[in-house]
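In what follows, a single structure is set out as structure tokens and then discussed.
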Amino acid sequence: MAASMRLLFRRVIRLSHRNVNVTAAGAPGRPAGCWEPPSCRCFSEAAGDRSTHFGFETVPETEKAKRVYKVFENVAQKYDTMNDAMSLGVHRLWKDTLLHVMHPQPGVRLLDVAGGTGDIAFRFLEYVRFQQERQKRRAARSMQAPSWQDISNNYSTEEEDGPQESRAVVCDINKEMLRVGKQKADGLGISAGLSWVVGDAEELPFDDDQFDIYTIAFGIRNVTHIDQVTGCIVTTASLMLRCFYEDRSFIFPGLYDAYSFQMIPVLGEVIAGDWKSYQYLVESIRKFPDQEEFKGMIEDAGFYSVKYYNLTGGVVALHSGFKL
């Protein structure tokens, strides 16, 4: 084990030295012709041909969707392993925090968009089951010495309401990511209340009022029209979004940039055999709106009580809001 770890470390160092020139003129990885600050999305409408960013590249909108699909098709098998490697396992704590802020109760319906390999949905169902068992234990304690009125009321409630069942729908445009997610669910023995749907975040294939909670995690960075994603949620629902951000904190000055551009692509090459996909993922973080700007976009889409929580010094943030 120690020998294999030393071999992996040597390979990382060798690749890092070979590809250390990932920055240019003080703008990390930014290509010539696109010198806008990180908040700029490089959108244009020349001759009716709209373009957008793909990392630091400017590409036609139609091409971005194809490229993003290819990225996640390539990394699907190693996606979870890379999440552990890139975040040193901290992404698990971020996801747990998401569930605690969400605090779903039995009967709640979740739509997890760009849900990929199902981590959020799995945690959601586990959290709801825990809440259901907790409620049953409380009810059992309260019924240890019930009156006839208590028994009658409890019987009437069960007859009218019936058992509440939560459900989670994982919606992702990438079939390979969903396939990996299904394999994980089968391995974990998770099937009840869980569905997998191929769908586009910008054109959700669902009717109104089907869900109580809408979540989208890091996948929000990969859509072409962010405002369209938040605007398409027309149901009465709560919204939970989680995303990486460019480091603007005083906790990790410069360290986050150095790690992102010089180590994450190297890890992608070593673990997933794909440097370019993880170079894109790092660049896409820099092109995403900052926390305040994104908060405003969510409010413009009609959500209320929008707020966000910075995690790990602002490297990741969790946004939440409600639509009535």
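Glycine too: its Cβ is placed from the backbone N, Cα and C atoms.
Taken from TrEMBL, the feature S-adenosyl-L-methionine binding site covers THR117, ASP172, ASP200, ALA201. Residues or ranges marked as compositional bias 'Polar residues' in TrEMBL: 144-156. If you look up TrEMBL, you'll see 138-163 marked as region 'Disordered'.
Distribution of TrEMBL features across the structure.
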residue	record	Cβ contacts under 8 Å, 6 or more apart
THR117	S-adenosyl-L-methionine binding site	ALA76, TYR79, ASP80, MET177, VAL180, GLY181, LYS184
ASP172	S-adenosyl-L-methionine binding site	VAL113, ALA114, GLY115, GLY116, LEU178, GLY181, TRP196, VAL197, VAL198, GLY199, GLY219
ASP200	S-adenosyl-L-methionine binding site	ILE173
ALA201	S-adenosyl-L-methionine binding site	VAL113, ALA114, CYS171, ILE173, ILE216, GLY219, ILE220, VAL223, VAL229
